[in-house]
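Okay, structure first, notes after.
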Amino acid sequence: MISQEEVPQSTNHSLSFSSLPHEIVVSCLARVSGSYYPKLCLVSKQFRSIILSNEIYKARSHLGTKENRLFVWLKLPTRSYPSWFALWIKPNETLTNDGPIKKQSTGNLLVPLPCSYNYQVLVPSVIVGSETYIVGGYDDALSSSVWFYKNGKIHTLSKSPSMSVARIDAVVVGQYPNIYVMGGCDSDESMNWGEVFNIKTQTWEPLPDPGPEVRGQLVRKMKMQKKNVYVSSEKKDYIYDTEERTWKVTEAVFNFSWCVIEKVRYIYYNKNCWWLDTKSKDWRKIKGLDFLNKFRETDRIEIVNLDGKLVMIWDRFTLSKRNKKIWCAMIALEKCQGCEGIWGKIEWIGDVLMVPLSYSFLDCMVISI
């Protein structure tokens, strides 16, 4: 028989994350949805440091817990360089009312990202063939570098010859064997504001000077069709003819936004959202979205595919007209029963960030991190 004196006495210990090994804390945080990260950053300096590091993304990739996130690229008058913002969505956010849609305070926000996010996730890149080329970065030591992944494998990261000038937030587009890089440097760089990299010869060549008007504006987007590079800046759109090596102003070539969801192509154009009927080759209007008109004051609207749902982003004036607010709506798409139409069902709508009147909306994208 065991006496009472021999019975081990349990002791209550107060355990905390700070007492755990660092790698265990990283592993735990990597398993948590990114929707909770804004509040977790407020828990402790340790949590904030891990969440804002590249370490957490390596762990999420290893554990298979990566999520699709929406990033927005803005130019604010108070900052020297454009800034990336991430859309933080409250977990299980959805409208519960079945009545008329009204403006609601969703709690969803566009949160500015520190440079550590920018460098690790959002550096300019382009896919050419089986290789992904990463151009520049947010570190002075890397801002003139070009790296590439062979066959999509990170462990085969290699370095190509450096650009003529360092670039931060450059815009790139590629069509084998060339990669075109523009902007991201001082506007006085007339000789090297734009460069082209030849993959075959592994050499850089400067592009003709487009002039101070082009160099003085931020490049929002670029796309390439056949021999032409289409460049969209803050105020105008331009065409660079790669064969003639000439620049010219063109009509707006980015006057609509598009995305693909479950093999269906969607565009926002002429104040409406449309989908392409591949059988008839006709563009058809998405039904059920007329209510959005009262929330919009601009023709400039971006749409993206976020986990199979249509996300719309735009801006509008505040009541005082002294600022603007960026708005966002998440829409679930449903095919009509017994017909060939598509309905849009709002899940939430609200303003996510206040910005100065003089800001510029540059771009948005969805990235798996």
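Backbone N, Cα and C atoms are what each Cβ position is placed from, and that goes for glycine too.
Going by Swiss-Prot, these are the annotated features:
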type	residues	note
DOMAIN	14-60	domain 'F-box'
REPEAT	131-177	repeat 'Kelch 1'
REPEAT	178-224	repeat 'Kelch 2'
REPEAT	228-274	repeat 'Kelch 3'
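Helix, strand and coil counts from DSSP across the repeat 'Kelch 2' (178-224) read 4 helix, 20 strand, 23 coil.
In the domain 'F-box' (14-60), the DSSP tally of helix, strand and coil residues is 33 helix, 0 strand, 14 coil.
Counting residue by residue with DSSP, the repeat 'Kelch 3' (228-274) contains 0 helix, 30 strand, 17 coil. Confidence across the repeat 'Kelch 2' (178-224), taken as the mean pLDDT and rounded to a whole number, stands at 90.
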